[in-house]
Amino acid sequence: MAKLTVDEATLKRFEGEVPRHVAVIMDGNGRWAVQRGMARIRGHHEGANAVRRVVESCRYLGVEILTLYAFSSQNWGRPRDEVSGLMTLFDLYIKKERKRLLQNGIRMQVIGDRERLSPKLQKAIGELEARSAENNGMILQVAVSYGGREEITQAARNIARDAVAGKLDVDAINEDTISDYLYTRGRLDPDLVIRTSGECRVSNFLLWQIAYSELFITETLWPDFDETKLIEAFEDYSRRQRRFGQTGEQIEDEEGAEGPDTSESEG
């Protein structure tokens, strides 16, 4: 693993349950810059530093999948210069972080509508995905030109095509079928969704996948989000009781029925 740029001592202090899949709605870059009298794009550049901190921290703590919401389908409607700056920044991030990601055994994958990205950016993404395909340290999914409704709509369209072509039995279509037609097919659903900047909405992010995810909302703007804030989110997650539609009593009864760990031999 490459040398850490985050505070290892802070990470070591965490003793709770590490969520297997963490998804982050990275919000507040523009506000961070405006509050400091800077151009909005400066906030996005500072946000890239926060991405590095969170990627390193999650990798160190043993997170299996980290999904970052970088650019939504709706973000294409922002001012042209801001969109152009974000695309340039993403291309720069890939070039700058490629070596570190590979050294840390991270597998990179981009989810979203790539056809709207420039050929140059599509090529850079494809090359990094190919180079990191065999890595098994952590999966880093970056949602770019992504929308949850659009993803589900596309899945429904493809399911319909395959059903008409006789590749699918309509009566056999279930939740697993739909999951298999999403960008995230074969991946665990998020255990924890973190949203920065204090906004209480999911913004069209992983709408199918976060049905039972735990939510953690912090007032911290994304450029200020660091390993300390990440640990705060993980500690909050560790105190949650995930019910998946059951009652708290049912969960406690199931946990009690499992009994103590007797796997170690006596004597």
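Glycine too: its Cβ is placed from the backbone N, Cα and C atoms.
According to TrEMBL, the protein carries these features:
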| type | residues | note |
| --- | --- | --- |
| ACT_SITE | Asp27 | active site |
| ACT_SITE | Asn75 | active site, proton acceptor |
| BINDING | Asp27, Glu214 | Mg(2+) binding site |
| BINDING | Gly28, Asn29, Gly30, Arg31, Trp32, Arg40, His44, Trp76, Arg78, Arg195, Arg201, Val202, Ser203 | substrate binding site |
| COMPBIAS | 250-267 | compositional bias 'Acidic residues' |
| REGION | 242-267 | region 'Disordered' |
Cβ neighbour count (within 10 Å, all chains shown) around Gly30 (substrate binding site): 21
Ser203 (substrate binding site) versus Asp27 (active site) - Cα distance in angstrom: 10
Local backbone state of Glu214 (Mg(2+) binding site), from DSSP in three classes: strand
